[in-house]
Amino acid sequence: MSLLTLPNELLETILDFVPSNADLSSLCATHSTIFSAAVVHLYERNHLYENGSAVTWAVKNEQLETVQRATSVGVDIVRLHHLTRAAAFGQFDIFQCLWDAKASYGGFHNLNRDEDGGCPLLAGVTAGNYRIVKTLLDTERVNVEARDASSLTPLHIAAQNANDKLVKLLLEHGADPMACDRQGRVPLAMAAAPHNTPTVAVTRSRDSIMQCLILLLGYGAKLEYKEGGGETALYAAAASGQCDAVHVLAGFNADVNSTDGTGHTALHTTSLYLGKLEMTRMLLFHGADPNILNWDRQNALWMTRMTKEPAQIAEFLLQNGAKMVVDIRRKTPLHNAGAVGSADLVSVLMSHGADIHALDMNDSTPLHTAVVEPSSSAVIKRLIQYGANVEAKNNRGETPLACAMEHQPAHVIEYMLQKGSDPKAMTRSGAPVLFEAVRRESVELIKMLIHYGADLRAVNAEGQGLVQCACKTGNPALVKFLLSIGTEFNTADKKDCTALMTAVKTESVPIISMLLKMGANVSTADKTKTTAMHLAAQRGSVVVTDMLLRHHAPINPKDSQRQTPLSIAAAAGDAKLVEFLLQNDADFNIADSKGNTPLKLAMEKDHEEVVDLLVIKGATIRSAGLKGSMRSFLR
């Protein structure tokens with residue numbers, strides 16, 4: 001007998017005994033009659049055993065028909081988390097369907113937090129759906145001061161979105177216009193300027209922002225309330241470039257000269273970070289004072305690299321009474337021009353009487369401060385064109401060129417040299433600027449400085465020559481260039497260390513090879529009587545040791561502790577180097593200042609392979625100076 005011919009009551013009973021949802025779904029697919037009878041069972045089972053996942057899926061995928069079918073099976077299937085999800089997606093039709101379905105079973109007893117901790121009201125406000133929010137508020141059973149994970153209330157979120165309709169609705173239902181989130185922010189400031197809030201999708205317009213501000217102020221928001229950093233709503237609006245918001249707030253008599261925790265006014269922060277002339281004009285129109293000083297005693301003429309229109313702002317401020325004050329570090333706005341990176345700003349300041357030779361607390365001129373800033377070449381050139389002294393020295397004895405060497409590209413260095421900078425100027429480390437070119441490994445700069453008169457024979461504060469310093473970089477091409485132009489390489493520094501010894505320390509085989517071919521002295525010892533051979537042994541380099549020996553380096557030099565290369569290698573347990581030195585007739589009987597021979601040093605540190613090499617070569621117990629149990633052990 002076919003299932004289709006059975007009475008509905010019997011078919012319903014049979015469907016009750018179908019063991020799995022999968023089998024039930026298969027039956028549904030066979031015929032529309034069976035589907036009509038079985039679908040109720042499917043949704044009922046989904047509700048009982050799978051937490052209403054079918055409804056959740058339908059809400060997420062905006063399937064109103066599926067929601068309607070699921071809620072019409074005669075089972076109380078709707079849960080509050082379904083409503084929250086519908087609110088979050090702003091789907092009013094689905095929201096209403098769920099709402100009506102639940103109403104058939106007495107409605108929701110709790111509308112504030114769902115089973116997963118979500119809040120339908122916050123979700124609806126975030127989505128910006130007026131009808132959903134109104135439906136919830138009209139129940140008078142939702143908490144209008146609910147908080148999200150960032151401690152924002154619905155009013156914060158609506159204000160942030162500049163959704164004036166929702167702001168009005170929430171205020172009418174008792175939302176607190178002075179509610180603070182965990183950072184001390186209030187809805188007025190959120191409306192005045194976008195804050196970084198990841199839960200909010202901002203869709204703001206000029207009119208909606210103004211309406212939100214007017215509404216909030218009308219319901220008691222305080223103009224002079226300050227956030228945690230001391231910022232008012234007007235300050236926040238100015239910092240984010242909201243001219244209309246500033247205009248509205250100032251129209252309600254907000255204090256345009258209110259300061260934050262660092263003494264900055266809205267005008268300061270506009271100059272420092274936004275840097276748009278339009279905002280500067282707006283603030284001065286409403287009475288901003290361009291000469292209020294922050295904690296560093298700086299006024300609004302101080303700007304940064306973020307300032308978008310520095311020259312225009314400076315011109316406008318100066319025309320409206322701004323003074324070129326000196327801050328607590330004795331810097332002037334002209335000192336700051338390099339940090340701003342605007343040559344036009346230099347021209348504006350100079351046209352209003354800025355002092356090109358002004359000295360800060362370090363006796364640095366504006367040119368000194370400009371040359372240490374990246375991407376400031378145009379400012380440097382403009383300052384020099386206005387007569388900046390390229391030979392002025394700060395309190396560390398540095399000229400602008402000496403300061404520039406570490407930071408500026410070659411074309412700026414060349415321009416400064418062309419304008420009279422001394423190529424022999426000294427850096428703060430006590431070295432000629434040529435050494436900074438070597439440190440930067442720039443052959444171009446070295447050539448340039450030499451062309452303008454730099455001295456190849458110069459030494460730094462440690463007495464090191466150019467080649468020795470180049471050896472520290474490990475750059476063979478750099479050393480090769482210096483050698484090719486006749487730079488001295490055999491002189492020793494204040495510790496009697498030579499370029500060859502420095503190259504051995506860096507284990508740069510190409511550089512060592514170049515120096516040896518040029519005739520570097522392999523026998524020179526420093527003040528501790530350490531030679532290049534000792535240094536090669538300390539680094540365990542057979543290759544470098546072989547190179548030195550091939551150029552007739554003594555194999556048994558003694559340092560101030562009477563250590564030889566062999567004793568150093570033996571103490572380190574370096575069997576390969578010990579073997580190589582022994583093959584080249586290193587003397588294994590030489591004892592150091594403590595009477596230790598290579599054999600004794602190796603035995604004391606249990607370097608068995610080294611001991612074997614030395615004994616095979618002929619080192620004896622007597623020569624090792626061993627006594628007592630150690631002698632017995634060797635026998």
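In case you wondered, yes, glycine gets a Cβ from its N, Cα and C as well.
Whatever TrEMBL says is automated annotation, not expert-curated.
According to TrEMBL, the features are:
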REPEAT    150-182  repeat 'ANK'
REPEAT    229-261  repeat 'ANK'
REPEAT    329-361  repeat 'ANK'
REPEAT    362-395  repeat 'ANK'
REPEAT    396-428  repeat 'ANK'
REPEAT    429-461  repeat 'ANK'
REPEAT    462-494  repeat 'ANK'
REPEAT    495-527  repeat 'ANK'
REPEAT    528-560  repeat 'ANK'
REPEAT    561-593  repeat 'ANK'
REPEAT    594-626  repeat 'ANK'
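In the repeat 'ANK' (429-461), the DSSP tally of helix, strand and coil residues is 16 helix, 1 strand, 16 coil. Long-range contacts of the repeat 'ANK' (396-428) within the same chain: residues 362, 365, 367-368, 371-374, 376-377, 380-381, 384, 388, 390, 434-437, 440, 442, 444-445, 448-450, 452-455, 458, each at least 6 residues beyond the stretch ends and with a Cβ under 8 Å from a Cβ of the stretch. Per DSSP, the repeat 'ANK' (594-626) is made up of 21 helix, 0 strand, 12 coil. Sequence-distant neighbours of the repeat 'ANK' (495-527) (same chain, 6+ residues past either end, Cβ-Cβ under 8 Å): 462-465, 467-468, 470-472, 474, 476, 479-480, 483, 489, 533, 535-536, 539, 541, 543-544, 547-548, 551-554, 557, 559.
Long-range contacts of the repeat 'ANK' (229-261) within the same chain: residues 186, 188-189, 191-195, 206, 209-210, 213-214, 217, 221, 223, 267, 269-270, 273-274, 276, 278-279, 282-283, 286-289, 292, 294, each at least 6 residues beyond the stretch ends and with a Cβ under 8 Å from a Cβ of the stretch. Beyond the repeat 'ANK' (528-560), the same-chain residues lying 6 or more positions past its ends with a Cβ under 8 Å from any Cβ of the stretch are 498, 500-501, 504-505, 507, 509, 512-513, 516, 522, 566, 568-569, 572, 574, 576-577, 580-581, 584-587, 590.
Secondary structure of the repeat 'ANK' (150-182) per DSSP, as helix, strand and coil residue counts: 16 helix, 0 strand, 17 coil. The average pLDDT the prediction assigns to the repeat 'ANK' (150-182) is 96.
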